[in-house]
Amino acid sequence: MRNPKSFCVVAGFVRLPKSSLGQVRYYSIPNDVSIPASKGKFIPGSGTYPKGFLVAGAHAGVKESNTQFPDVALICSETPCSAAAVFTTNKFQAAPVQVSKQVLEKRQGAGIRGVVINSGCANAVTGKGGLEDAKMMSAKVDECNGTPSTGPQDTSTLVMSTGVIGQRLPIKKILDAIPTAHSNLASTHSTWLATARAICTTDTFPKLLSRTFTLPSSPNRQYCLAGMTKGAGMIHPNMATLLGILCTDVPISPSALKALLTHAVSRSFNAISIDGDTSTNDTIALLANGAAGGEAITTTSSQDYAAMQTILTSFAQSLAQLVVRDGEGATKFITVRVCNSPSHADAKAIASTIARSPLVKTALYGKDANWGRILCAIGYAQGIAEGTVVPERTSVSFRPVDGSAELKLLVNGEPEAVDEERAARILQDEDLEIVVDLGGGQKGEKGLGGEEGLYWFCDFSHEYVTINGDYRT
């Protein structure tokens, strides 16, 4: 995975004046000084975390430029747990992706003890040596947990890496840091936040969320869900977006957990885009240890499953949106909503095409209400059913963040007389929603269904080019 960028200090962020094309993000880990003031609002001041999970970070110095900040992270369950993961679809799958797949397949999603992550080096396209390095990381955590594996194929810890592609890990440094991290395992908010920092590369802030909830079978029992993620560039799904680890103390069987994660990811981490590039390393893992007790979720037909699906999907969307808000060089957070589609898949495909369009993204950066670019993207969307897009019944509008009336740009294929002053005011805001109505504004019109698809993306700025032109420096 290419994200060798960590918070502003694991590789310091150098902020340049606007005349110098904005901020250059060198590999750096976000710290209290380097985090932009505008991003501080996304960092939680407190949290409630799932029982039985302990986390920690430690400094290994994976990149020589990092002399003090944590770049190895551990998320461990005190007891064996169920686990599921969704991985990148990139053909050049990194060593940690391959090893984690093997661990899950060997154990059928059961008996997993945690995840080990390093930032600063992706361990991708590194041959057999890279695979051995990833296996050693997993085995080292098992050893620290007091459950040493009987061999490289019998480990119980998933592995993730993020950083520059094509370089071998400084594996001795990492193996030396793992026991240090393990000795510091804790469940406090500050420890969770520090661990979220340790997995960053060019991120400008740590991405961490937690929440409590109840389930129908146990209305008086409190459950917790926590998640951390990293990513700011090389973000485009299937499944390729970033690294993410979600933990819950709900008892869930491996098969039900896999179904829950697949549904949630399709509507969250697989519905975001920063630059349209699919990474080699990206992984989202979900761990459930059942430490809070109660009735186990074992089938997809129970009320608890339905409730958990809604809770997990909403949570994953919030976590994924933090990645977009930290997009490299981004100045805007855009939601594109395609409605009145015959199917969710078609609506999502159209929304994805709009989100990937460089012309749409640059127009939004320039605060230009150039809806023709949006229409163009709708028109060339691939893989959708015949008759889904009919120009004469297509409408496009901007939905302002302040809740005021939509600014209609196109109605039933006919352009509106756009109030350019109002359009300019709307585009000054950081947040914007683009609404594409495929049914001419009438739900179910002319046989269309009422399905909708959502996508979240950011704009393209001068800074994006600067950051990625200097990525390895």
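Glycine is no exception: its Cβ is also placed from the backbone N, Cα and C atoms.
Per Swiss-Prot, the features are as follows:
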{"type": "BINDING", "residues": "T201, K230, T241, E328, N468, T473", "note": "substrate binding site"}
{"type": "ACT_SITE", "residues": "T241", "note": "active site, nucleophile"}
Assigned element (helix, strand, coil) containing K230 (substrate binding site), judged by DSSP: strand
Quick check: in three-state DSSP terms, what is T201 (substrate binding site)? coil
Across every protein chain in view, the count of C-beta atoms other than its own within 10 A of the C-beta of K230 (substrate binding site) is 31
Which of the three DSSP-derived classes (helix, strand, coil) applies to E328 (substrate binding site)? coil
CB contacts for T201 (substrate binding site) [other CB atoms within 10 A, all chains]: 35
